[in-house]
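Data block below; observations after.
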Amino acid sequence: MKTAIFTVVLALAVFAVLSFGWEANEKALSEEFTELIHEKEAASETEARECRYFWGECHDHMPCCDWLVCRYKWPITYNICVWNRTFPEK
């Protein structure tokens, strides 16, 4: 009986240690992912956009990208960039 209780307590202790390790690893991974997202966000903010992307609002002074065309779409009350059925060349 004492052996069974000791085994159960030991198993619970092992599970607690493993759980703590996984939680610490998950937290480190989460922090690393957050840093990566912030780096990508900062890099994209520095790029100047010359054209409007898909479903973006467009006017004469805000043109759509090459593979998009500016169209009036009902019930939206302004022009938006929609696909012109072509693909951008890379």
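Keep in mind that glycine also has a Cβ here, set from the backbone N, Cα and C atoms.
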Per Swiss-Prot, the disulfide partner of C65, chosen from C51, C81: C51
Listed disulfide-bonded residues among C58, C64, C70 whose Cα sits within 10 Å of C51 (disulfide bond): C58, C64
Between C81 (disulfide bond) and C58 (disulfide bond): CA-CA distance (Å): 6
Pairwise CA distance, C64 (disulfide bond) versus C70 (disulfide bond), rounded so that it is a whole Å: 6
